[in-house]
2 protein chains.
Amino acid sequence: MAKQISDLKLGILGGGQLGRMLIQEAINYNLVTHVLDPDHDAPCKDIAHKFECGSITDFDTVYQFGKKADIITIEIEKVNIEALEQLEREGKIVYPQPRVIRLIQDKGIQKQFFKENDIPTAPFQLFSSKEDLPNCAFPFPYIVKQRRDGYDGKGVMLISNADDADQAFESPLLAEALVDFDKEISVIVSRNANGDVRTFPVVEMEFNKEANLVEFLISPSTYPETIQQKAEKIAVSIASALNITGLLAVEMFVTHDGDILVNELAPRPHNSGHHSIEGNYTSQFAQHLRAIFNLPPGDTRALSNAVMINLLGEKKHEGLAVYQDLERVMAIEGVYVHLYGKKYTKPFRKMGHVTVVDQNREKAIEKARYVQQTLKVIS
Amino acid sequence: MAKQISDLKLGILGGGQLGRMLIQEAINYNLVTHVLDPDHDAPCKDIAHKFECGSITDFDTVYQFGKKADIITIEIEKVNIEALEQLEREGKIVYPQPRVIRLIQDKGIQKQFFKENDIPTAPFQLFSSKEDLPNCAFPFPYIVKQRRDGYDGKGVMLISNADDADQAFESPLLAEALVDFDKEISVIVSRNANGDVRTFPVVEMEFNKEANLVEFLISPSTYPETIQQKAEKIAVSIASALNITGLLAVEMFVTHDGDILVNELAPRPHNSGHHSIEGNYTSQFAQHLRAIFNLPPGDTRALSNAVMINLLGEKKHEGLAVYQDLERVMAIEGVYVHLYGKKYTKPFRKMGHVTVVDQNREKAIEKARYVQQTLKVIS
């Protein structure tokens, strides 16, 4: 008899909140989960069948970890690709595929991929170092990003003048023309090994500009059908062009003219899909498991309006985390709290999220505002 | 600052599927979970922060286990009450309270409690042994139950004649007049330490007569409002009379005349509440945590029609479990699979459950029938 999902050992590179929520779902299928993370106190530590503390960027550590799993996935892109490629050559299943992670790891290569595949994206230029920024063709202000290792808003700068350019990152850079967009949206798309592709409904994001993090997400979008269909079509075309197996989050800008420009990709469950746990028939975590185990995609329709808020560590608070007024927000109907098991808070650290579900969109937003003003992560 | 939920260690007596689903929910609150179970391969083994293999009926084992927790709960009634009472005397929080578990552990005392509190229930008599059954006042056929330790339909017999009575259990017995009921229903009610009480909507159960187990559950009920309100009122009056802190499942019969008779209680999450994970705004597991941590009760309304099926091990199959045609049922919209992490199947063993959610009640039932005929647990 062929191996079944419930017999398989899933190796997860990275043990943060995405891995944690993936494990919560994996429990439903008897999956055995092994997690590798350099933080001995990572959110997955106590809920994985086996937690290994070690580097996810070191060849040997990743290779030895992968050898023990039947199927390997990631919850963060910054992993050792060479080890994953070696494991793949030796017959291990690695989803998303290492070549996809390699492409997405480098924002420069990502942008070139968009260009080659006629995916609309903001104009860009690549620079080997900040010393070359004076050659940048874009007017001030423009954006520079580290080509590698940026996450949660780190590794991104707005360049308003020559002095800013002087202060930019040391590493190879991607410069982008500033897009004067109406809103940022996201479409999460899944693709299994059979090639079955399914998108989640378009969601709208609101950023905390100070922290440069998604702070507020609204599902589903109220953009006109034509714009939403265009966004979903772009997400599907990227997943197909990549031939990815797994989940792909596609972050996009909607311009004031209703055009769509792809910003960035993430080949895994994503912050812009957390609301799907309560807000959609199938969660992004369940969908990722379905995709990598080659099961049929689940129903992605929205059950209700859902608003997701990231719980970020309060400014000036560093130390043992305290969740102030948790009880007050739990008294509101349709409020779902997810804490990430992080012992220590620091300013802007993602400590959890809250999803507010309400059939009435305005009420959901109103409740989310209340939660945001009430529930604070302090020390 | 007062201790918060995310700082507390929750000790759970019993490490079966109820504990497993409780832990899946507890992860959202950073709860540290310790589990005690005599089976070294129990469903909670790999997902609890700490799993201890040991007897839950032995005084010392339970007492030592409880000493290490901040708050203690159960997922099965058959536990050492004396140890829990001792822990309570020493200031530990034990919810449900040991006196409630003690009362419910003994079906005879449960029945007397119903009588004393004017809770409608089928006529009963208590016997110290089967030798006294000839004195039973009920006409054949009647029901006998072991006063203690029955579960999942074990410890229950239909007595149709004097020979059957000869074959009854050796232990103290409860005899009940046979109720010619229309349907069995269940109401789950929660009560926190503040005394906030909340019921889940009435659900209807269908039994597998051969296995004497709930096999099919439909939420919400379509009984007339008057009957449903009567059932909810009874559930609330029992929770209040018991002064329970935690969840209480109240199983009841609806007679052909529309009367309600209480059958049995369970002071914990219950098989008749599994559908609430996807079918209601708040799941029974989340509600139990809210109750024992004295948080406000969550919204219990049904989100949709939901039908729950227990996945029982197939007859004649004993050994390593195989989930036949899992993929086929996962291809259907609104089908949620929960496997319990049990390595070995045997006839009628509860290996998992499936909840089918559909806005159309008839469609939900039809899909559930298909799942029941398709997904088989074999060896």
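Each residue, glycine too, has its Cβ placed from N, Cα and C.
Summarising the annotation, TrEMBL assigns ATP binding site to A:Lys107, A:Lys145, A:Glu176, A:Ala177, A:Leu178, A:Val179, A:Glu184, A:Asn263, A:Glu264. DSSP assigns A:Glu176 (ATP binding site) to a strand. Within the same chain, the residues at least 6 positions away from A:Glu176 (ATP binding site) whose Cβ sits under 8 Å from its Cβ are A:Ala122, A:Pro123, A:Phe124, A:Phe138, A:Tyr142, A:Ile143, A:Val144, A:Lys145, listed in sequence order.
The domain 'ATP-grasp' annotation in TrEMBL covers A:111-293.
All protein chains shown were included, and the count of other CB atoms within 10 Å of the CB of A:Glu184 (ATP binding site) stands at 19. The C-beta environment of A:Lys107 (ATP binding site), restricted to residues of the same chain at least 6 apart in sequence and closer than 8 Å, consists of A:Lys145, A:Gln146, A:Arg147, A:Arg148, A:Gly150, A:Leu174, A:Glu264. A 10 Å cutoff on Cβ-Cβ distances gives A:Glu264 (ATP binding site) a total of 17 other Cβ atoms nearby, all chains included. Model confidence over the domain 'ATP-grasp' (A:111-293) is summarised by a mean pLDDT of 93.
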